[in-house]
């Protein structure tokens with residue numbers, strides 16, 4: 001009975017040790033690749049959610065920006081490709097696929113350049129918007145005064161909510177001549193208020209994209225470069241074990257251990273040379 005209990009206790013201890021080994025045997029570079037790419041997917045999803053919320057606001061109609069703008073289409077394309085890159089990295093680590101990891105590495109290094117190019121284009125776009133927005137704003141109001149009652153009501157609410165001076169065209173068409181002209185007071189025009197609004201909204205999106213997503217990509221490329229290289233070596237080894245016959249992994253989960261030299265090509269050569277040497281010694285003695 002004592003022997004049975006000792007055997008059972010030893011088996012339970014061995015099982016616990018194996019579980020601990022399996023938990024601790026996950027390499028740190030795999031953990032980093034998983035965590036950074038999952039975090040990248042989460043941040044991009046948050047960015048797209050806030051971008052959709054930005055275009056659903058009513059003030060966006062006063063700007064020459066739409067959801068299908070060419071710059072935004074380029075941004076959507078970059079994000080879609082980045083989703084593909086992160087998913088290919090996660091799957092590539094799971095199934096030990098060099099092709100998926102090569103695709104991931106090529107995409108993420110290329111997107112660092114395209115993100116900078118997109119930032120330059122957005123900067124020029126906003127400088128053009130600042131220079132020409134007053135003209136666009138006046139022409140927009142003039143074109144939309146066909147539905148006069150709705151337009152007047154919208155601008156009355158806008159002026160009341162933001163304490164700004166509305167356009168002179170709206171003043172002439174929507175208000176009585178006795179209306180106090182706010183241009184005679186120290187109140188900023190409403191198109192300045194709108195420019196401040198869009199800057200606050202876009203600044204938040206830029207913080208997410210260029211101060212959270214872009215640095216994470218940069219960290220993956222710079223800090224995890226050696227980790228990706230190490231993973232490549234591991235994939236090459238695990239998929240070509242027949243080329244490394246003098247190494248093997250112990251089934252107990254221990255570190256790398258030597259196979260008996262007799263099973264390797266080096267062992268066969270050394271054994272044959274030893275037998276030849278022994279026969280020569282025997283012949284010399286006989287002589």
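Glycine is no exception: its Cβ is also placed from the backbone N, Cα and C atoms.
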| query | Which one of these stretches, 7-30, 103-126, shows up in TrEMBL as transmembrane segment? | reply | 103-126
| task | Please find, within the list 75-96, 141-162, the residue stretch that TrEMBL describes as transmembrane segment. | result | 75-96
| Pick from 183-203, 204-224: which range does TrEMBL record as transmembrane segment? | 204-224
